[in-house]
Amino acid sequence: MIEFLLPERLRAKGGLVDAAVGGSLARGFSDARKLLKVSALLSAPIGLLALLPSVFTLEVYDRVIYRHGMSTLIALLAGVAVAVAIEWMLRRGRSRRLREAGASIDWSLQGALLERMLNQPLRALEERTAAAWMALFRDASAVRVLLTGVIVQSVFDLPVALFALVIIGIVALPVLPVVLLALLVFSVMAWWLADEVKSGKVLELQRARNLDMLTAEVCRARESVKSLAQQTAVIKQWRDNYESWLAESYTKSGEIEESRELSHSMLIITSVAITAFGALAVVNQWMTIGGLIAANMLALKAISPISNLAGAWRQLAHSIEAANRLRGVFEAEVEPGRGELEVPRPNGRVVLDRVTFRFSPELDPIINEVSLSLEPRQFYAIVGRNGAGKSTLLKLLSGLYRPEQGRLLLGDYDLQQFSREETASWIGTLSQNVYFLDGSIADQLRRVAPDATDDQIVRACQLAGAHAFIAKLPRGYNTQLREGGRALSAGERRKIALAQVLLRNPVVLVLDEPTNDLDHESELQLIAALKSIARIRTVLVVTHSARMVANADAALSVIGDGTVLKISTEEALATYFSNVANAAARNTPPAAPVTGAAPVTVTLPTGGARAA
Ligand SMILES: Nc1ncnc2c1ncn2[C@@H]1O[C@H](COP(=O)(O)OP(=O)(O)OP(=O)(O)O)[C@@H](O)[C@H]1O
């Protein structure tokens, strides 16, 4: 079983990130392995010492009681006291090492899982729900429990069973066959109960996982549930899931209780059988009465590791399942790590060379053999109907999605060779969904550009239109954001996110519907800022805003059948914005290029205003 958990099995091939993840995993597991070895070694003397009370009983009956050996009793008591003290110390040492091994496995596995998860391509991240990703972290705990919990301790105690049998053979040979028979029955019973390990799945735990995931979803969607008054449907769905889990759990608990009761009865039967056979043997003087009592105690020691293992099958099956799921994540492909050489900063030309992309093999391509060349110092609007594929195209252009076929070039470089950090430092992406990790506004900005000066941060916020509202907050840049920034308005969140993008001073700016949630004045300011940035950078904006399109240099029309056309902004306006066309038909001027907005001087935050 431990074979599943070796770091070599959890490590995927090649790449710097792999080496880093594999390295920390291997270190954590190798530390744990050393500690487990010491614990296993300590288990031998602990097991031997644990048998002493039986030997003590034997000696008390056979020597002290029958021969009135008071000095023997004192010597035995002294010996037992020393043995108990030593055993206590050894047990403490073993528990400490098992605890440390658990901590080492937890630390390395959870850390490596997080690293591995965040280094997977965005598509792989999207394929599991957030709740499913969280469940994987609980899987890491299940692996730790397997390696340091009751199962390992029972395995460590198996040699004790052997020692106990040897002593029974010496002091109570006639009852040995009874004990061996009992061991056989317990082993068969343990195997019979191991159906979950044999089938490789624990239905109850699967249902518990589903219930956990649904609960997490409900907590996340609480606002939508409330605003759409979906409580009744949600509560029903949750109760159905709960009942499905409860039914399985109830049945399983029943089976476990039955097996526990059966074990209990079997132990009594074993003890009665040993006593009965032993009595006959004592009467026939084949063994002593002390041997009989000791044999009863030793039989319990021999049987308990097997019966403990039988009770731990469910945990074992769960841990094996968890390890397999984790192995799937560790074997999945990750994005390349940072290159060995720092290459010159690319210019802002973006080339799509016969690029095809689809979400899964059975679906039609969203982008089909598209070739495009987007030039630096240009402002492109990307337009198209809902669901046409604009955001998908943008994710391809920003390196978040990788083409199934074809190449994506930034300047002279094929984008596939770069790490996410390198790509993000050149292509700044503002996605449709803005989410902030817990921390102050300043923390959010520093997280993306740790070396930025205060002045650069403030300038990026000014450029993004965020500084004015941040300045008015009672705690300004120290305002704490929680749960993605719920305390801010959607427009405010978008402005801070734009400031994060600008702080990285990218050569290409890729923005997905940046004017969503912005008021009229903010939209005008943003358009003016983007126009200024486009004098030195490449700017690509997915938009439904006629005003934004009117101010772009060119438009890309995403048709929705896999093709993308490069068209003029006039065509884009005429085709996609019926309000503009209608306005034109009514002889009213279409949305004019921004002239009234306050002029914005663009000095990019890091490195100043550089030509692309
Ligand atoms: N993760 C995904 N898995 C499968 N299909 C997806 C996924 N994301 C998007 N799609 C599908 O791809 C198509 C294009 O989606 P995309 O988000 O690119 O559209 P869009 O043009 O940006 O739309 P909108 O204007 O509404 O934002 C849609 O039909 C959508 O259902």
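Using the three backbone atoms N, Cα and C, a Cβ is placed for every residue, glycine included.
Listed in TrEMBL for this protein:
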type	residues	note
DOMAIN	38-318	domain 'ABC transmembrane type-1'
DOMAIN	350-586	domain 'ABC transporter'
TRANSMEM	35-56	transmembrane segment
TRANSMEM	68-90	transmembrane segment
TRANSMEM	136-156	transmembrane segment
TRANSMEM	162-193	transmembrane segment
TRANSMEM	266-287	transmembrane segment
Candidate ranges 35-56, 68-90, 136-156, 266-287 - greatest C-beta contact count to the transmembrane segment (162-193) (under 8 angstroms): 266-287
Stretch in 35-56, 136-156, 266-287 most in contact with the transmembrane segment (68-90), if contact is a CB pair under 8 A: 35-56
PLDDT averaged over every residue in the domain 'ABC transporter' (350-586): 87
Other parts of the chain folded back onto the transmembrane segment (266-287), taken as Cβ under 8 Å at six or more residues beyond its ends: 171-175, 178-179, 182, 185-186, 189, 295-296, 299-300, 303, 307
